[in-house]
Amino acid sequence: MENPRPQAPGFTPSMAPLPLPLHPPIAPIPGAPPRAPASTPAAAESDDDDEVDYEVSDDHRAARERHERAVQELLQRRRAYAMAVPTNDSAVRARLRRLGEPITLFGEREMERRDRLRGLMVRLEADGQVDRLLRAQEDDQGAAGADEDDAEQIQYPFFTEGTKELLQARVDIAQYSLPRAKARVERAKRRLADPDEDPDAEADLVVKQAAEFVLECSEIGDDRPLTGCSFSRDASMLATSSWSGIIKVWSMPQITKIATLKGHTERATDVAFSPVDNVLATASADKTAKLWNSDGSLLMSFNGHLDRLARVAFHPSGKYLGTASFDKTWRLWDINTGTELLLQEGHSRSVYGVSFHPDGSLAASCGLDAHARVWDLRSGRLYCTLIGHVKPVLGVSFSPNGHLVATASEDNFCRIWDLRTRRMLYSIPAHKSLISHVKFEPQEGHYLATSSYDTRAALWSTRDYKPIKSLAGHESKVTSLDISGDGQQIVTVSHDRTIKMWSCRSSIRDNEMELD
């Protein structure tokens, strides 16, 4: 091992000089400002003399508390909507039962029950009782697994199976509608190909005659406001309904009462004559519809709706009756047996009107959800939904040409829809108040009539949708109207309790010539 070389005392070896930095030195990072020393009571007393002590007002303190509560509520609401809450009502009830809460409260609906469960889960999470939530969720998953096992054993169909009567009715409707649709299409083709036919000139003539409608006669219909009216198939009789619940049958054109129909216990809402014979159907707020003979004898009563009825309509075959109700459904009945063939849901609010296609293949319903829906009676499927109104739809009518539909609404508009494109064709700002009823001229549909709560009825051309005639004469709301089969007579009823008959001047002159 070598010893280190001894060095002389006091001798220091020289070192090479350090190189100068090429870049300027970086400025030092500023540190945190020094904390001020805690002030002593004596210093605080001396500071009070120099500084002003501000006090928070009660209003400011209350506003700050309201803001904090609003922020907390917003956070709780966000947390609540982020939670997974069951959507099935039975699952919601089961979760409430497992959490030890009442499964339902008085007057509580499905969405309100789900919101209550959501709020309960938020409170439990805020209180730190997460274990209760986890246990309830595990119990729900176990119950769902058991339900899945049962579902694997029992396979249910994905649709609600109808009755044999409904199946037979659909077959009968198909057999009835297909020949009529074929004849209608062939007739339209023949008229288009025939050089002697001039559809435009014919439409102009009908519109010109419609402009000559005048008030022919007026009659007091009842002691209470009138709600509905309907011509018989040959326009020899007229039926009216009123708030008194009494249905009256009148002979035309003198408007002479020939029968009074009593049987409803609440106000009558609508009346309709059969298109094939002299029987009529009535709807009432007593949740029933009734079938009558024109002489006043009751033939049948249709019971089943859960709320008051609005409008009623016959199928073109005369075998079936459609009723619209405030229970959010419309129903199809067999008038020969009184059997309820179809209970059709689909509207989110009350159903107000129902109408049938001239061929009998389609049905249209309208309601307070501002929508009208077209249904295929042969298959039961929804053909289309007519969306465009902003307020409840109170009337719907099919055109005789087969491809146009008119709807009347509380938004004062009458809208025309094309079934071929399933879109709105035209929108008519028809009245100054809600439109209570709409109907096409039954021959060729060259014009349509609307009634309104502005005390008027109006006629509109279906070529350019321009106004033809305003039928002014009522002193109160016009609730309904009907057009005779030949299109020469229009009847309106109103809250002023009167029946008014409007006739074309040309038809009046023809009648006078026949009398001469």
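We count from 1, first residue shown onward.
Glycine is treated like the rest: Cβ placed from N, Cα and C.
In TrEMBL, annotation is done automatically, which means it is predicted and not curated.
If you check TrEMBL, you get these features:
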- 16-36: compositional bias 'Pro residues' (COMPBIAS)
- 45-56: compositional bias 'Acidic residues' (COMPBIAS)
- 57-66: compositional bias 'Basic and acidic residues' (COMPBIAS)
- 87-140: domain 'Pre-mRNA processing factor 4 (PRP4)-like' (DOMAIN)
- 1-66: region 'Disordered' (REGION)
- 219-260: repeat 'WD' (REPEAT)
- 261-293: repeat 'WD' (REPEAT)
- 302-343: repeat 'WD' (REPEAT)
- 344-385: repeat 'WD' (REPEAT)
- 386-427: repeat 'WD' (REPEAT)
- 428-470: repeat 'WD' (REPEAT)
- 471-503: repeat 'WD' (REPEAT)
_Distal contacts, the repeat 'WD' (219-260) - CB-CB under 8 A, six or more residues away_ = 266-278, 280, 282-284, 286, 292, 294-296, 311, 476-477, 479-486, 489, 491-499, 501, 503
*Are there residues at least 6 beyond the ends of the repeat 'WD' (261-293) whose Cβ is under 8 Å from a Cβ of it, and what are they?*
224, 227-233, 237, 239-249, 299-303, 305-314, 316-318, 321, 323-325, 333, 335, 480
*Do you know the mean pLDDT across the domain 'Pre-mRNA processing factor 4 (PRP4)-like' (87-140)?*
80
*asked:* Give me the DSSP three-state residue breakdown of the domain 'Pre-mRNA processing factor 4 (PRP4)-like' (87-140), ordered helix, strand, coil.
replied: 38 helix, 0 strand, 16 coil
